[in-house]
Amino acid sequence: MSPLSPSAQGSHPGNNFDAIRIVAATMVLVSHHYALTGQMEPSFFGIHSLGGLAVTIFFVISGYLVTASWQRDPNVWRFGLRRFLRIWPALTAVIVLTAYGLGAWVTELPLGQYLTHGATANYLQGLWMKIHFVLPGVFEDNPYPSGVNGSLWTIPIEVRCYLFLGLAGVVGLLRFRVVFLTGVAIALGWFLLRSNADLTGSVHYGRELSVFFLSGAALQALEPQWRRRPARWAAVLCLLAGAAWVADWRHTALLLALPFAVIYGGTRATPFLRRAGRWGDPSYGIYLFAFPIQQTIIFYAWPEAGFTGSLLLAIACTTALAYASWHLLEKQALKFKPSRQQRTWRATLSCGLQRIRNILLSPWAWPVIAGFVGLRHIAHRLGAPVLPDPEYTYLPAARAFLEQGWSFLLTPQSYQVTPLAYLWPALWGAEPLLIRVANMGLWIGSVFFLWRTSCLLGGPLAGASAMVLLLLSSELLRYFPSEMTEPLFLFALFGWMHALARIVIARDYRASTALQGAIMLTLTLLTRPVLQLVAPAGLLACLAWLTYRAAFLRGESDDSPVPRQVAALAWSVAGALVLPLALVLKNGLVFGLWGLGTGSGIGLYLGTHPLFQGAEPGFLGFGFDVNTLVALAAQSGNPLSLEGDRATSLAAFWQLQSMAPAEAVQFFTRKLWWWLAHHPAQIETAGRTLRNVRLIEFFLIAAAVLHLLLNRRLAVQPGSEPVLLRRSPALWLAALLALLLGAMLVQLLPILHNSRYSSVLLDPWLIPLASLSMAVLIGTLHIRIERSRSRWCLALMTRDHRAVSSTLGWLVVVVALSFTASFLSLKWERNAIDPERMGAVRTIVQLAENVETAAHGMQPAGEQAWIVMQSPASLNVAVDASVVKQISEANPFNALWETQLALESAGGKCRQVGFSFQTFTGRILQPSYRLPLQPRVETDGAMRPLVVSANHELRPREPGSLRIEIHCPVGTRLQWGGTRVLESRHPWDAAAHIQPRDPA
């Protein structure tokens, strides 16, 4: 059942149908309340319960009004769309909110178990008419246990009636009243003879409600007749119903009398009743929301509130929510109803395409899509394992704060992580599931702030582009279902950018805007203090400019908004620095640490590590050796302690000083490329989209700058600043964001690289800049759907009369360059250990002349030399039990295989050389990371070392052989010059060069 109006209008001032539907919906609520409190429902003359009678009333009204809707506009597509817009929006809201709002709130199961339970997902099947009534752990102890929304069972029956009515209209039955009424009469006769409860003794609700629907439809077809003589019709029907009642055919009597009584009463215009819909039509909302609201009230207030108290509370809450549903959802959805004036299917298609276009171009559509996608991603990973950083650092600090209170700030643990890294989890009880649910709100906030900032920069197109880039930047969303600091950092950073955009572009100088900027920048600094140098420098620059203007330009009249903008920015940044400075003073006075916290030394040490090449150690198959360094240099087991932070920082500075200029250029050029385009090891894991999106962003920005220059829009007038910059505050803000991006890159170069840092610290600047660039390049394009000479055309046009090809050309060039650069870089780029820049190493075991070797796919060509006869070929270097024992006794933390090979090829190049370990039983152990095992090889015949990790799968734990797989052309000559197992001694080397701290 659903109390629907086919005309889909909010009210009907000329009839009583709104009043009847509201009363009927309330009857359903009251009737259900008896059952939900464990009591017998009142019946209507022993035929139906009060709610059952209300349901039949709804179906009679629906049959009458829906048939009238078809008669007014007999178009099946528009008919179906009207029905969809009336049924599904509110139904979707009640099902989704019940499953993931109410159910998640009241369930007795742990929240993670509830959200991932199959029954929770199955509840959503009600959206396609497969109704489920139970949610796991919800209302299990209520007097009516487990039932969540027992009212939904009639919705599929209602939809089925719509489908049959639409089908009857398509085949032409509704065009001829006699034919239609004959069909209705046949259906009624069949029902009375085969499914009538008076004969069968049981009610078939689906068939009975369908017959009441048909009765309403028949009364619509016969309306001209019964309107002329309503009294005669009423008398005849009452006489027939009375006879059936006397014969104890009560269901038949109801079928004869009720439809006419309802339709006749509904078509009247009683002065008081006809105004029932003047505030809207809440009947559908009452019907949908009543059951779960009643169960919730009973869950919390039964039996204390009593039957009457809980009933009145349920009526009040349901009515309020139903009116909200009408005005905020149902009424808004009905604005998309198709017009009757579009009579042909072509016109209907055109209207549909235009509506789709309008929706896609609607400013709100894209953030809604981005928000939904992100929430879905987070919801599916609420039960994911806790990551190492939160497990061992953030959550223990949060639990300590909850136990100790604010006195925790006086313990060393308080400076070992940034303040909000433990305060945000502590706010949610250090419970991972609650933190991740709270991060859903941070995701929505991040989407909103980024979208609004991009819209202010470049309009709706920039806003839409930002949402697309946000979703394509998978690393940004990846950490929202976790306890990491990234969600709060992104929320705060995007919020600060939004405040900047309001000040610079919208010229909003209110205190609330400056306060927003101050709060968001404070959150950024206390979450991940990457702006701790930029923020004070920015404040000093603003104060210097204001001082200069006050001293030297006081007498000049200037209508420029710049002074007020700079003043607002200065107040905002100054406010943001208050709390961080207070924490710096606390750390300095209490611990002697004049900073927000420790940890930067670890990033510097790992970021300048020669063996790791400044990137994540796991990319090359190694582990973090920072604990070893700290234990050697600071006699401390904690790298986050004051001594540990000092030791790691000094080790990093020593490593930087020991680099030759050419070596430093090569080292940091490679790292810069990784920061700009991501590391190849993570592209192997996350896919090429990671690099493709980043390159598209950079090429978009470069193309937009070039486009502006070529169009002479930056031409400088004599004695003035560039025209475009002077007139476009958006470009001033873009220049500021670009400057901050450059400062961020400089700051990131020496620290540890991984895609998490690269994405979280660079993408927030790149996305709005790339979105503005997209608007600059193709902002003049628009889509137009038009009809020309009996044909419908989808046209792409420009608003400034420029050629579409030239406008699209920029975008084509950007995409082509991005994918070409990505393809070439992945083809030629190698992620391998540099044998000449490994740092200090020592030999654990040497495998040389006396070691057994076995060649496969090669023929001998001398001592320890072979000719490749097939590709790939392999060379196995035996590793016996004594070698395994030596490696086990040495127990190196980071071990390496170094193999001396000479390759000589007459023609062609060797594609790669791969390494694996083959056990004595024949098992081949392949490392989980492939790229580190693809070092670049030369085929000039010179003996060169090839080095790979000897950890994890490549660490020998039983006898076997090191398997070297050669992908070289047939005829290539290979000579093996020996293999060594090495241990990285860089931590020992670095610790030896660190000056011990003066105890004084």
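Quick reminder: no glycine exception, Cβ is built from N, Cα and C everywhere.
Remember, TrEMBL labels are computer predictions, not curated facts.
Feature list (source: TrEMBL):
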DOMAIN    16-324  domain 'Acyltransferase 3'
TRANSMEM  44-66  transmembrane segment
TRANSMEM  87-106  transmembrane segment
TRANSMEM  162-193  transmembrane segment
TRANSMEM  253-272  transmembrane segment
TRANSMEM  284-302  transmembrane segment
TRANSMEM  308-329  transmembrane segment
TRANSMEM  517-546  transmembrane segment
TRANSMEM  566-585  transmembrane segment
TRANSMEM  592-612  transmembrane segment
TRANSMEM  731-753  transmembrane segment
TRANSMEM  765-783  transmembrane segment
TRANSMEM  803-826  transmembrane segment
Contact yes or no, the transmembrane segment (87-106) and the transmembrane segment (284-302), 3+ Cβ pairs under 8 Å, gap 6+: yes
Folded-back contacts onto the transmembrane segment (592-612), same chain, C-beta under 8 angstroms, at least six residues removed: 415-419, 525-526, 529, 532, 580, 583-584, 619-620, 622, 624, 626, 629, 639-642, 644-649, 651-653, 655-656, 667, 671, 749-753, 833-834, 837-839, 894, 984, 986, 990
Chain residues outside the transmembrane segment (253-272) and at least six past its termini with a C-beta under 8 angstroms from it: 14-17, 19-20, 47-48, 56-57, 60-61, 64, 192, 211-212, 215-216, 219-220, 226-227, 230, 233-234, 237-238, 240-242, 244-245
Model confidence over the domain 'Acyltransferase 3' (16-324), averaged pLDDT: 85
Interface check, the transmembrane segment (517-546) with the transmembrane segment (731-753), three or more C-beta pairs under 8 A: yes
Residues of the parent chain within Cβ reach of the transmembrane segment (44-66), under 8 Å, 6 or more residues beyond its termini: 1-7, 17, 20-21, 24-25, 27-28, 30-32, 83, 154, 158, 161-162, 165, 208-210, 212-220, 250-251, 254, 258-259, 262-263, 266, 287
